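Pulled from TrEMBL:
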type	residues	note
BINDING	B:CYS8, B:CYS22, B:CYS25, B:CYS31	[4Fe-4S] cluster 1 binding site
BINDING	B:GLY62, B:LYS63, B:GLY64, B:GLY65, B:VAL66, B:GLY67, B:LYS68, B:SER69	ATP binding site
BINDING	B:CYS235, B:CYS238	[4Fe-4S] cluster 2 binding site
Amino acid sequence: MGTAAGPGNLAGVRHILLVLSGKGGVGKSTISTELALALRHAGKKVGILDVDLCGPSIPRMLRAQGRAVHQCDGGWVPVFVDQEQSISLMSVGFLLENPDEALVWRGPKKNALIKQFVSDVAWGQLDYLVVDTPPGTSDEHMATVDALRPYSPLGALVVTTPQAVSVGDVRRELTFCRKTGLQVLGVVENMSGFVCPHCAECTNVFSRGGGEELATLAGVPFLGSVPLDPELCGSLEEGRDFIRDFPKSSAFPALFSIAQKVLSQAPARLS
Amino acid sequence: MEEVPQGCPGTGSAQAGRGASCQGCPNQRLCASGAGAAPDPAIEEIKEKMKTVKHKILVLSGKGGVGKSTFSAHLAHGLAEDENTQVALLDIDICGPSIPKIMGLEGEQVHQSGSGWSPVFVEDNLGVMSVGFLLSSPDDAVIWRGPKKNGMIKQFLRDVDWGEVDYLIVDTPPGTSDEHLSAVQYLSSTHIDGAVIITTPQEVSLQDVRKEINFCHKVKLPIIGVVENMSGFICPKCKKESQIFPPTTGGAEVMCQNLKIPLLGKVPLDPHIGKSCDKGQSFLIDAPDSPATLAYRSIIQRIQEFCGRHLPEEGHLISS
């Protein structure tokens with residue numbers, strides 16, 4: 001499939017970030033997408049690598065479903081989701097003929113595709129590559145970390161919801177990071193309270209406190225809590241730019257602050 | 001189920017691994033060695049073990065975080081409220097085993113007996129098995145590749161002494177990969193009543209759920225129906241309804257109509273559900289009057305009716 005690509009394809013990428021969680025459905029893809037949009041608004045060139053092979057959510061979130069992937073000398077050309085070509089995306093979603101088709105693959109086949117995604121996509125010059133992962137601590141995660149190791153990723157953002165059930169799984173993900181030598185930039189607590197649009201009462205729909213508790217337990221920074229905002233969900237469903245369209249949303253300050261914290265990590269490293 | 005080359009002669013055929021169309025197939029060597037022809041002996045052993053299990057239900061979703069484990073746990077609790085019904089709950093989410101916490105069994109360990117592994121009992125008639133019970137610390141990560149996960153699932157199905165069981169509920173991780181293939185494969189010579197598929201109203205969830213439905217069709221797993229979870233939220237203060245996860249493409253209702261699959265019910269978001277799960281208690285008992293409890297009970301009844309119409313093992317289908 002891809003051409004034999006040397007270190008060239010990731011050489012132009014300044015910083016690599018992984019977005020992980022032990023738990024499913026906490027908002028990894030949402031946070032990955034919103035982080036990419038926020039970094040773009042800060043003037044950065046961003047790539048997103050979606051290594052969730054069974055549930056590739058990101059093409060829809062950026063209104064890029066059905067786009068074709070082209071080849072060039074360096075390998076696969078990532079799909080640009082905007083006219084200015086400031087956000088590019090690679091996902092298995094683009095390679096499926098029928099979007100409802102299930103990718104029923106066992107580990108070794110998934111590993112092979114992930115290695116190709118890491119080495120055979122011609123990203124070009126990027127300030128940030130955000131890598132969105134599926135839930136768990138298995139084939140995809142090991143393959144991704146192994147393939148990215150030579151490029152010294154900046155680190156991982158670990159996402160949880162406030163519930164103890166989520167924290168229970170995410171603790172294991174933090175162990176995975178430790179064991180594989182992946183630095184944890186911090187914990188993001190998502191779905192942190194819902195403000196009723198009728199009466200402004202805030203309800204902790206998915207319990208409270210888990211994110212900070214987890215960060216303290218693991219000795220890593222707590223990057224912030226993002227509240228539940230149906231506008232954010234709606235925006236993602238329709239592939240709109242939430243950061244641009246909803247600066248007054250309750251979720252906006254948290255997302256913006258998380259992006260700022262990520263940006264502040266970068267100058268400490270040599271590119 | 002896995003991608004096979006055009007003209008694949010079949011893993012059991014005399015031409016397996018030797019035909020022209022076998023060139024380049026990743027399984028070529030395996031087939032040529034004759035290993036593909038011999039079925040895994042565990043499948044027969046599991047068939048024997050499952051003879052004492054009347055009904056088997058898989059709880060699936062393509063999507064993570066939609067409430068599979070929450071639903072599986074409460075399906076188990078609901079069925080076990082009848083003391084005369086023996087219920088077993090098997091958690092095959094190897095990387096993220098939530099069931100011990102949700103069932104209030106954190107810290108429990110598995111014991112071995114002459115007849116195999118003993119499940120951990122919540123009630124006399126409700127036994128649970130999960131990889132969570134095999135881990136010594138809540139921080140232990142199960143960083144396993146596919147084959148090792150498959151081995152664990154095989155052991156769970158073959159070596160656990162479930163005894164006489166009316167309902168075996170299998171909670172799965174999100175996706176359509178090793179765990180799902182293994183569960184279906186190892187149970188292939190037994191009768192699986194069907195799959196209950198969980199979704200939330202959003203398109204991002206339905207997108208993955210359609211893939212899961214396709215997976216079920218591919219492996220010929222009957223679908224009992226779909227449950228739409230987190231379907232609307234009633235503010236505890238002003239009692240008005242909001243859609244936290246808006247059904248931008250019509251939610252599960254429209255998807256089920258299009259795919260001609262039963263919608264078993266819609267469960268609203270009740271903050272008490274999360275709290276009950278965190279405490280390891282049954283939400284059905286904690287909040288008996290919640291609209292969510294009523295929705296769960298109705299769905300559980302429909303599942304029982306489905307299972308009742310389909311006799312296990314050597315029986316025949318009365319109606320489908």
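We number each residue from 1, going along the chain as drawn.
Just so it is clear, glycine is given a Cβ too, placed from its N, Cα and C backbone atoms.
Take the Cα of B:VAL66 (ATP binding site) and measure to each of the binding-site residues B:CYS22, B:CYS25, B:CYS235, B:CYS238: the nearest one is B:CYS235. When the C-beta distance to chain A is held to under 8 angstroms, the binding-site residues B:CYS22, B:CYS25, B:GLY62, B:LYS63 reduce to B:GLY62, B:LYS63, listed in sequence order. Put simply, B:CYS235 ([4Fe-4S] cluster 2 binding site) is 20 Å from B:GLY67 (ATP binding site) when counted between their Cα atoms.
When the C-alpha distances from B:GLY62 (ATP binding site) to the binding-site residues B:CYS22, B:CYS25, B:CYS31 are tabulated, the minimum falls on B:CYS25. Closest in space to B:LYS63 (ATP binding site), of the binding-site residues given as B:CYS22, B:CYS25, B:CYS235, B:CYS238, is B:CYS235, taking the CA atom of each residue. Here the candidates are the binding-site residues B:CYS22, B:CYS25, B:CYS31, B:CYS235, B:CYS238, and by Cα distance the one nearest B:GLY64 (ATP binding site) turns out to be B:CYS235. Cβ-based neighbour count (10 Å, all protein chains) for B:CYS22 ([4Fe-4S] cluster 1 binding site) stands at 20. Summarising the environment of B:CYS31 ([4Fe-4S] cluster 1 binding site), the number of other Cβ atoms within 10 Å of its Cβ, over all protein chains shown, is 23.
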